[in-house]
Each structure stands twice: as C-alpha cells, then as structure tokens.
Ligand SMILES: Nc1ccc2nc(N)nc(O)c2c1
C-alpha cells in the first residue's frame, strides 16, 4: 500500500511523450484520459465497465462529496475507492473551481472561500487546509492544491492578483498535505495566469520553487477557445519539468486532446464523453453524431464494429435512436459507455503512435478525418 508515487518517461516524439505514473493502486499509462466521477460515480456507467474501457484512473470532486454524503461519511465507509468500488487510482479536484461555478453566496478571502451549498443552501468554508483534509478523507491518490480559477476574460492586473493568491494557497496546501497525507499520495500544483504568457511563466516558476511531483495547467477550458488554449500551452509546458506529469484540467474534445498531447500534456479529464452521451451525442473517429437525428432511424450499423465495447459494437444506431426518442434509460447508459471507450481508444492510439515515432502522421490523419461540424 505504500508504493511511492513516481513518474517515468517512455518515448518522446516531438513534444509528445508517453509515460507511466506508478501509484499504490496501479499504474497510469500516459497520455491518459480520466473519466469524471464527480459524486463518486461515473454517471450512468458501472465501475467494472469504466475499467473495461481501459481507464486507469478516474476523477472525483471535493466540492460535491463534501456536500453529499460528506467526506467524513465516505471515510467511515473506508474511503472513496471502497465506497464506489473503483479499485484503481483516483485523482480529486480541490473544490475551488466547482465552488465558483456551482455554489451561491460565494465570498473569497485570503483565508479561503465561503459559500452556500447548491443542494440545500447550507454554509461551508473551503480553505487550502480543509481541501487537503477532505481529499485525504476521500483517500485520493493524486490531490490538487486549492486554487482560484479566474474567469475569462479577465484583466491583466486581476489575473496577476488571482495567480499570486493561488501561489500562496499552493504553499498552504503543500504544508497541510505534508502534515496528513501518506507517502503513496501526491499533490499537484496548479499553474494559473489566464492567457498572459509572462504570468504563466511567473506561476510556473513560483510553483516549482515550492516543488510538486506533478503540475496541472488550470484556468483553461473556460471559454478562451482552442487557439488561445493551445497558445497558453505553447508558452507554459516548456517551463515545466520534463520528468513530471502535466495535467490539463477540464479538457476536452478529441481534437483538443490531440493538440494538447502535441504540446506535451500527459493527463486529461472532461465531462464531455459522459455528459454528451447522456444527451444523445456519440463521438467517433469521423466526428460527433447526434443519434436523435432522423437520419439514424433506420440505420442498422453499430457505432464501431471494430471496438470490443458492447455499447459500440452490439447495438445499431437505429436502436440507439429509438432509445433516445423513447426516453429509455438505456440510451444514456450505452452512449456514455461508448464515448468513454472511444476516448480510451483515442488515447491508446496516441500512446502507440508516439511509441512508434509516427505521432505527427497520426495527428494529421486524425484532424483530416474527424469533422467536428458537418460540412
Ligand atoms: N477548466 C478547469 C477545470 C477544473 C479546474 N480545477 C481547478 N482546481 N482549477 C482550474 O483552474 C480548473 C480549470
């Protein structure tokens, strides 16, 4: 149980790289996509099926679990792994981002952020110390510092103020982590600085001063758009240590993943595959399909006959179309499952292409084939 956290680089191909993160609950093959299991469940998909798609690690949320069922209750059940039956590594976000996007009556001070629950209006306070305490009660293998994710757009001076607060919170998060976390657990720093290159540099350098075994790139996927996001990665990832994992938070669509791997990102999480699956959107090598669309009513082909995932291989698009039109539970279940499997097959294909030194060709062919919008 006390295998220390470690990262080993595998192959590099341009800026893209493969690697392996060793944790006490298993190894994470990078580049890795983490299915989002916000409230201790990857919505509408059983953990054994999440595992079968090839996911090595899932994400949980401090914000949601502290409100319901509370971190203390999860700890009494033996931690999030036992409570949810996910036996592999779990990464938890620290809650600040979710407080700002979900809660009411938020008040942010140097101490932390106070807020009212979006569920029952109860009052709560998240400080760097309390966030680490919650993540340890959950038993997360990889934890996040408490940070402030600035809104987009934001003025340069407001962004700098926010970045400096997040650096002070990084120090406090690390101090709290060193007090109570186990040797097998890891804490990542989160780089901020919005879309300002000099601020990204300042944040990356300040966090390395403090020292972390992994670095998240935060403050993106907040409406800045793909080109601006890639522009931030172009200036940020070269500043981070090559021998430590880089995690791009909240990203993204398949084309975002390919472009970010091209800019040496190792880890991703996004609600898109499960959230869009619940609403009838299937992701494929050729781009997204809206299976509620009339064009699929009589379509007798599966989403991907080449997949070993039952949701992708054993059901016709016509049947899936029927399930969504009839409002049947099985529709969201099957599409969430298929989309997670597609995301894992995309990650596996990228890992293989990097290992074989042909990632540029893979990326070019994928971008030519994957049409995000019809026409
Ligand atoms: N786009 C995102 C998603 C999640 C985040 N979580 C944290 N802690 N910080 C950020 O900046 C995030 C950005």
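Backbone N, Cα and C atoms are what each Cβ position is placed from, and that goes for glycine too.
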Which stretch does TrEMBL mark as region 'RNA binding', out of 274-278, 279-283, 284-288? 274-278
Of the candidates 147, 266, 298, which does TrEMBL annotate as part of the substrate site that also includes 93, 94, 95, 96, 97, 192, 219? 147
Range annotated as region 'RNA binding' in TrEMBL, from 250-256, 257-263, 299-305: 250-256
Local Cβ density at residue 96 (substrate binding site) - other Cβ atoms counted within 10 Å: 26
Less than 6 Å between Cβ and the nearest atom of ligand 1 is the rule; apply it to the binding-site residues 94, 95, 97, 147. 94, 97, 147
Cα-Cα distance linking residue 93 (active site, proton acceptor) and residue 192 (substrate binding site), given in Å to the nearest integer: 15
How many angstrom lie between the most widely spaced Cα atoms of the substrate binders 93, 94, 95, 96, 97, 147, 192, 219? 15
Residues within 8 Å of the 93, 94, 95, 96, 97, 147, 192, 219 Cβ centre (excluding the substrate site residues themselves): 144, 145, 146, 148, 149, 166, 190, 218, 249
For the region 'RNA binding' (250-256), the DSSP helix/strand/coil residue counts are 3 helix, 0 strand, 4 coil
